[in-house]
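First comes the structure, then the notes that go with it.
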Amino acid sequence: MSKLYSEAAKVLQKMDKGRQGIKSALYSDYRFSRNIRKLSALVHGVCNRKNEIECIVRECKVIEKFKGKGSDVSNTWLLYVLIYEQLFGNLKIQGGGTLAGFVRKNKDKMYEYLSKRFPESLKGLDDNKQKDHIPRYLRVNQSISTVNDVLDAIYEQIRGTNLFLEEDLSKLVRIDDDIENLIVCRPDIARALSLDRTPSTNNLIKSGKIVLQDKGSCFSVLSAKISPGDIVLDACSAPGSKSIQAIDMLNKNGCLIALDRDNNRIKTLLKRLAEIPYLTGPYIMKEEGIFEVTEIYLVNDSILCSDTGCIFLEKNSITKENNSVVNLLDYNKMPKLFIQVLNRDFLSLKNNDCNELPWYNFRHSLNKTRIILLDPSCSGSGLPQHGRMDKNYIKGRLKSLSEFQTKMIIHSLTSFPSVETVCYSTCSIFKEENDSVVLNALKECAKLSNFNFLLDKAISNWSNSHIEDEAGSDKEIIDKCIFLNPKSHNCRGFFLAKFSRNKK
């Protein structure tokens, strides 16, 4: 059996157990794999067809029949990968093995069930065609380049392929209607130019000039209105798209505290930060005030769990000694730009009077944080790669997620006196994680004497006209929050609520 199948199963298992996204799970282990493109396509394919595959396994009693042959399915995700490959992928499993042989032998019965239960799925089995209605979004890092320069570079690359010669380039790749530094790229163009994956051979991605980031995700940081000099806390930062966007908006002046509870996800964030061309790091503290550049794979749990964590700095702002060790000790003034990455549970953080601490102790900056970005774990029901998700199948998890999300909002609104703005977001389309969580959090916070926040307009001039008549929807939520869905907005499903401190 092809090694690719077992690698795909490992990635899917990591996503399932660790609640990681595809990019994070792939990036952490297979970043330098020669098969990264094939692996990514296979994992995306299984996720897109997960609903159909689960029904096939359940209704065709695949596992029971395999056990009846005297064998057992030790890895359900591997079974899903093989079924996908046989029915939707290459339509042929590469290599041998007992499980692979069983799937081959039963392919006709599974196909028959598929044609009856999901006839629409047979109209186009090519995974790329299935997703072609959702474009690739490329956010331009404006601290490195300009939108027009990047757009011109992409046009030049398209001309160099000798493809799409008869088409209007401005219709293939254009600037987004709502976000001025976001480029909308047709999926087939993105694939042809390697602008649909990270890591990528395309120099625009390698140089950090553009970042692959869905449209909805960009709104969170834009809504926060980050300015140079701000101190920003990204409470659930990994794998890092919003953190990197926040760094861009700081424009080499300010502080970002990036927290996450999962060390594997943090390693993904560290790798992405290390690829930003104007940053240097990660630095770890060897002794009081003395920092040393280290390799990411050497960053261990004790470092990430310390009050210093890992630090990234703007290259031109520091003086190196012996090409690796720098003396940054300054109890009175933090560097002009620094990013601090730590393993921390956001709910465990408390505001303390930490002005006497040196700048490299994260509690010093925490005490002065102005903005919190809050993107906690969610069902991912708005992500196309997660397939169609039935709420009935995840009822219990949905309840625990919404309770957790409510706690996160309440903590962010009541525990940090310096905070003026909190932006809460999910990649979910479920009301339980969006409207209900916001309303429940506001209801609970209203009982507290120190509560002084209002639900604010997330993005000016934004209209949620597509859901105005939805039964049971709260008018203030509809007026002020952002709801995105693939059908109406040509991007992933997304929700955003903005809370601003009432200064009156």
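Note: Cβ is positioned from N, Cα and C throughout, glycine not excepted.
It should be emphasised that the depicted structure is a prediction, and the values quoted were computed from it without experimental measurement.
Of the residues ASP72, ASP108, ASP375, TrEMBL places ASP375 in the same S-adenosyl-L-methionine site as CYS236, SER237, ALA238, PRO239, GLY240, SER241, LYS242, ASP260. CYS427 (active site, nucleophile) and LYS242 (S-adenosyl-L-methionine binding site) have their C-alpha atoms 13 Å apart, to the nearest angstrom. By a simple count of nearby Cβ atoms, those within 10 Å, the most crowded of the recorded positions CYS236, ALA238, CYS427 is ALA238. With a 10 A radius on its CB, GLY240 (S-adenosyl-L-methionine binding site) counts 27 other CB atoms from all the protein chains.
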